[in-house]
Structures are given as C-alpha cells and as structure tokens.
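Engineer: Just lifted these from Swiss-Prot, have a look:
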{"type": "SITE", "residues": "GLY111", "note": "site 'Important for acyl-CoA specificity'"}
{"type": "ACT_SITE", "residues": "CYS142", "note": "active site, acyl-thioester intermediate"}
{"type": "BINDING", "residues": "LYS163, SER192, ARG249", "note": "substrate binding site"}
{"type": "SITE", "residues": "SER192", "note": "site 'Important for substrate specificity'"}
{"type": "ACT_SITE", "residues": "HIS235", "note": "active site, proton acceptor"}
{"type": "ACT_SITE", "residues": "GLU237", "note": "active site"}
Amino acid sequence: MPIRVPDELPAVNFLREENVFVMTTSRASGQEIRPLKVLILNLMPKKIETENQFLRLLSNSPLQVDIQLLRIDSRESRNTPAEHLNNFYCNFEDIQEQNFDGLIVTGAPLGLVEFNDVAYWPQIKQVLEWSKDHVTSTLFVCWAVQAALNILYGIPKQTRTDKLSGVYEHHILHPHALLTRGFDDSFLAPHSRYADFPAALIRDYTDLEILAETEEGDAYLFASKDKRIAFVTGHPEYDAQTLAQEYFRDVEAGLGPEVPYNYFPHNDPQNTPRASWRSHGNLLFTNWLNYYVYQITPYDLRHMNPTLD
C-alpha cells in the first residue's frame with residue numbers, strides 16, 4: 001500500500017531515495033478510493049528516525065494508507081525539533097472523536113521504568129481504552145507490548161536481568177495463521193529490550209494465540225482470535241544500523257553492554273552489520289494491514305463495529 005503522507009514530511013525524500021513508494025497528499029487526492037486510516041502513536045525519542053522505519057514497512061501494497069502521527073507526551077523533546085512535532089503530529093484531543101482502521105503503538109526506551117513512573121502512563125491507558133471503540137486493529141511493538149499486557153490483562157511487568165540485544169532466530173507455531181502467511185518456517189528479527197515475554201506467561205494469563213516464538217521459548221508474535229490486537233516483542237522495523245547505534249551509545253555511556261548477538265559479522269563491532277530481517281518485517285506489516293485491517297474494517301468508519309461480530 002502506498003503510504004499517504006503530507007508533502008513536506010522528511011520521510012518522503014528519505015524513503016524515495018530507498019526506492020520506497022510514497023504517495024503525497026496532493027497526488028493521492030486524484031485517486032477516488034478510500035485510503036486506510038492508520039494512526040501511529042510514536043513513543044520513541046528520535047521520532048523522525050522511527051517514522052522512517054515504520055513508514056517503510058507500511059508502503060508495499062496496492063492500496064493507500066493515510067498516516068496520522070500521534071503524540072501524548074507534552075514535554076519538550078530533546079531529540080525531535082518542535083517545528084516537526086507541531087507540523088506533523090496531533091494530540092489525542094484532536095482525534096478522539098474519530099475512528100481509525102489501524103493503530104500502531106511503537107516501543108519506548110522504558111524497560112527499567114515502572115509503569116506508574118512513566119510520565120505519560122495515564123495517557124497510554126486512555127488511548128488503549130479509546131481504541132476499543134475507535135480502532136479496528138491495533139499492533140503493539142516491543143515496550144508497548146508490555147504496557148498493553150498490563151493494561152488489558154493485568155500482567156505485571158516482567159524484566160530481564162540483562163538486556164536482550166541482537167538478531168535472533170524464531171519459528172512459527174501456526175503456519176496457516178493469517179498473520180504468518182508466507183513466513184519462512186524460521187526467520188530472523190532484531191530484539192532490543194529488558195522486557196521479558198516467556199511464552200508460558202502469555203498462555204497462562206491470556207487467551208491470546210502465540211504465532212511465533214524464539215528458540216529460547218519467548219513469545220515473539222501473538223494476537224487475539226478476533227484480530228483486534230496483535231503484539232510483536234521485537235523490532236522488525238529497525239534499520240541495519242540501529243542496534244549498532246544503541247550499542248556504541250551504551251559503550252560511550254560506560255554501561256559495558258554486551259555485543260549484540262548474531263549481528264556484527266564475526267561478532268566484531270568494527271564490521272558493518274547487514275539487515276537480515278527486512279523481508280520478514282515487510283511481510284509481517286503487509287499481513288497485518290491486509291488480514292487484520294483491510295479485510296475486516298468497514299468501508300464507512302462511522303459504522304465501526306468494535307466487537308467485530
């Protein structure tokens with residue numbers, strides 16, 4: 001789906017240089033079809049970088065996707081220009097009366113912060129409660145998975161003693177599931193988290209279906225049977241260099257991080273890493289858009305059916 005974004009958004013030129021199809025609002029207005037409305041709640045500090053990563057994955061299907069960027073943290077950003085936020089982001093009050101086909105909630109570097117200490121925790125709870133009646137399907141990524149499991153299922157925060165960082169092998173558990181359609185039997189995806197997601201925890205305390213897990217038995221991809229919510233505990237949106245940037249940042253901060261697993265050639269941080277997960281990431285987001293959003297959402301969003309009966 002060509003993503004439909006404002007003409008002036010920096011991601012337009014960035015993604016076009018990568019041969020990614022981006023449709024600006026001015027061009028899209030000439031096509032007489034209803035685009036899918038997808039809201040992205042961007043919780044990452046480097047918002048422009050995160051926009052590029054997610055928009056890249058939303059760009060590869062034949063229908064238009066109308067992107068709306070949402071922020072819920074009113075504090076001044078140290079990593080994103082205020083002008084960019086003012087021009088391209090909306091506040092929750094701006095969209096709370098609207099309905100959306102899809103919602104993506106990104107990760108956030110909050111793995112060691114207790115939920116109640118997160119500055120915008122009440123706002124996250126508000127958005128998730130709102131989404132039950134206003135969004136067809138929501139996709140949670142990394143830290144957002146942990147937050148959603150707590151809010152929706154009451155599961156306490158599970159934290160690892162060491163950070164999981166690297167590119168890990170996964171295997172699918174339900175090859176005929178719509179969200180894993182076309183996946184290889186085993187595939188690679190990046191992780192960068194303190195959050196812990198043992199598959200047994202998901203099975204014991206939720207009715208969610210685990211669709212793929214790591215070789216160590218951690219849940220990677222799981223979803224509700226009605227397709228209203230889906231969870232991915234890794235970072236399939238990451239660029240080739242993202243884990244390297246995080247690693248060298250932590251080295252400079254004196255944190256003594258472990259070298260990301262299965263990432264640098266020959267395990268040497270001086271070597272340039274290569275992305276080995278792009279096809280997986282693209283297929284995951286295409287499947288979500290098609291089977292969890294497009295095939296289910298009503299043509300007229302005014303007639304949203306929250307229960308999907």
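Including glycine, each Cβ sits where the backbone N, Cα and C put it.
Here the structure is a predicted model, which means the values were calculated and not measured.
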Engineer: Return the residues near CYS142 (active site, acyl-thioester intermediate) by Cβ distance under 8 Å, restricted to its own chain and a separation of at least 6 in sequence.
Structural biologist: THR106, GLY107, ALA108, SER192, ARG193, ALA195, VAL232, THR233, GLY234, HIS235
Engineer: Compile a sequence-ordered list of residues in the same chain as GLY111 (site 'Important for acyl-CoA specificity'), six or more apart from it, whose Cβ lies below 8 A from its Cβ; state 'none' when nothing qualifies.
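Structural biologist: Listed in sequence order: TRP143, THR159, LYS163, ARG193, TYR194, ALA195.
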Engineer: Here are the recorded positions: LYS163, HIS235, ARG249. Which has the lowest count of other Cβ atoms within 10 Å?
Structural biologist: ARG249
Engineer: I need the CA-to-CA distance for GLU237 (active site) versus ARG249 (substrate binding site), whole Å please.
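Structural biologist: If we compare the Cα positions of GLU237 (active site) and ARG249 (substrate binding site), the gap is 19 Å.
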Engineer: Give the sequence-ordered set of same-chain residues, not counting LYS163, SER192, ARG249, with Cβ within 8 Å of the centre of the Cβ atoms defining the substrate site.
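Structural biologist: Once LYS163, SER192, ARG249 are set aside, the remaining close residues are SER165, LEU243, GLU246, TYR247, ASP250, PRO257, PRO260.
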Engineer: Taking LYS163, SER192, ARG249 as the record's substrate-binding set, what's the max Cα pairwise distance in Å, rounded to a whole number?
Structural biologist: 14
Engineer: Sort LYS163 (substrate binding site) into helix, strand or coil using the DSSP assignment.
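Structural biologist: Once the DSSP labels are grouped into three classes, LYS163 (substrate binding site) ends up as strand.
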